[in-house]
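What TrEMBL says about this protein:
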type	residues	note
TRANSMEM	21-48	transmembrane segment
DOMAIN	23-495	domain 'Major facilitator superfamily (MFS) profile'
TRANSMEM	68-87	transmembrane segment
TRANSMEM	99-118	transmembrane segment
TRANSMEM	124-142	transmembrane segment
TRANSMEM	163-192	transmembrane segment
TRANSMEM	212-231	transmembrane segment
TRANSMEM	344-364	transmembrane segment
TRANSMEM	370-389	transmembrane segment
TRANSMEM	401-420	transmembrane segment
TRANSMEM	440-460	transmembrane segment
TRANSMEM	472-490	transmembrane segment
REGION	500-528	region 'Disordered'
COMPBIAS	510-528	compositional bias 'Polar residues'
């Protein structure tokens, strides 16, 4: 039995110590960078429209055409989807550590290059920007399966959910900083180079210095990646990969013994027996029989969640004016509009998005992944249905704060709900040799949903049309309801070793809630 192998038992039963915190920070900083890079574009997209697409014959400020806006905002998601599949597969073939540093380098280079997008025409600038944001997304994509897999394989079974969720919670910090950095920079430039309202001076309301602001915002996304690179390269390969995939018991015992500061016995014969019994491939009937339902469950729930989650985040700049959180474009200058949009994004993220992540960290190993996901999908559906049904009343001055609270609650239950659990579950449900690949497939399915949000739902919100926004909210409410029912395809994983969950230990991988009380009471000591 795999549960008797010393290195795995040591990892499963290790007390929480400094190396766990270090792993969370190193992996989490990658996610901080991912979120900042993906969502900071929402704070500058309106500024890009004013700078590059102003038409003097119109009475409104310049605005990115729908197709250009969709590509600028969504092209990184396309890159992320492809990067997830490529690096996820590579993580199982070459090892987690070998691939981990490549993603950071790619993210840092492309973030800097995105801010240096140049051209003699608006089309040339946007094309260059989209090119680099695609490759930025490609690097970001690799961080999803690798960070989740590394953290799950390093963690002990008692607090594994909290550790993986803590890594993912850095996404919330990244979203907050995307708003905070954009707000701060736009305010600094606004104080130094104030411009008149558009209604007063259509030409001079777009401050020339604003062209520096969006570039600096994008380039700052490289900073956390650069700062994290050294520490990421110092991390040893996960003990599970070294032992169970490479079959090197001695190296795994040495690496994990050094990390845990204990002596671990190498058990080469036991590992050889285990490896020979777990050689099935992703496309085999054995994989489908053991894990097919779970893969369908993790992929569909992440797909449905990201339709709603990315629609919320990428279209909030269009909904803020309706909520009264930002002024009408004609009544402000370009930098003032960016400042107000960033401020609103920062406030919504701080009080709506951010708390949900950390409530999940606190309760995921107590309540469990399954019930948190069910609750989140259900509450998101309820709040989005209310917003869609009462949208015309909510957008009035009298009810704007009710609107803001309801909108914030959809973010809270996305993060104290499926946005966190869809990241955690694929890192636990699948066998070591295919864990990174299966997480990548699930995450890529999510990004396919995000692309629907970026390229589809945005068309409903970009013009501020009341009927279209109502329709979008009702569609998202229905999407979340489907996600609620798809959650029943996955199973609870809390409190069990990865090998027990996946059946690699020679068991069936059955959910403990399906065991009889007698079986649960009399389980072997190593399960404790």
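Each position is counted from 1, following the chain as shown.
The backbone N, Cα and C atoms fix where each Cβ goes, and this holds for glycine too.
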Completion exercise
Restricted to the domain 'Major facilitator superfamily (MFS) profile' (23-495), the mean pLDDT of the model is 87
Problem - Positions whose Cβ lies under 8 angstroms from the transmembrane segment (68-87), at least six residues beyond its ends - result: 37-38, 41-42, 45, 48-49, 53, 99, 102-103, 126, 129-130, 133-146, 310, 314, 440-441, 443-444, 447-448, 450-451, 454-455, 458-459, 462
Handout entry: the transmembrane segment (124-142) in contact with the transmembrane segment (163-192), cutoff 8 A, at least 3 CB pairs, sep 6+
Key = no
Exercise for the section: Take the transmembrane segment (344-364) and find every residue of the same chain, 6 or more past its ends, with a Cβ under 8 Å from one of its Cβ atoms. Expected result: 39, 42-43, 161-162, 165-166, 168-169, 171-173, 175-176, 178-180, 182-183, 316-317, 320, 323, 325-326, 372, 404, 407-417, 419-421, 424, 494
Handout entry: Recorded stretch that, among 163-192, 212-231, 370-389, 440-460, 472-490, has the most CB pairs under 8 Å to the transmembrane segment (99-118)
Key = 212-231
Problem - Leading stretch by Cβ pairs under 8 Å, where the reference is the transmembrane segment (440-460) and the options are 21-48, 370-389, 401-420, 472-490 - result: 472-490
Completion exercise
Most Cβ pairs under 8 Å to the transmembrane segment (163-192), of 21-48, 212-231, 472-490, goes to 21-48
Handout entry: Stretch contact, the transmembrane segment (472-490) with the transmembrane segment (212-231), Cβ-Cβ under 8 Å, 3+ pairs
Key = no
Problem - Top Cβ-contact partner of the transmembrane segment (212-231) among 21-48, 370-389, 401-420 (pairs under 8 Å) - result: 21-48
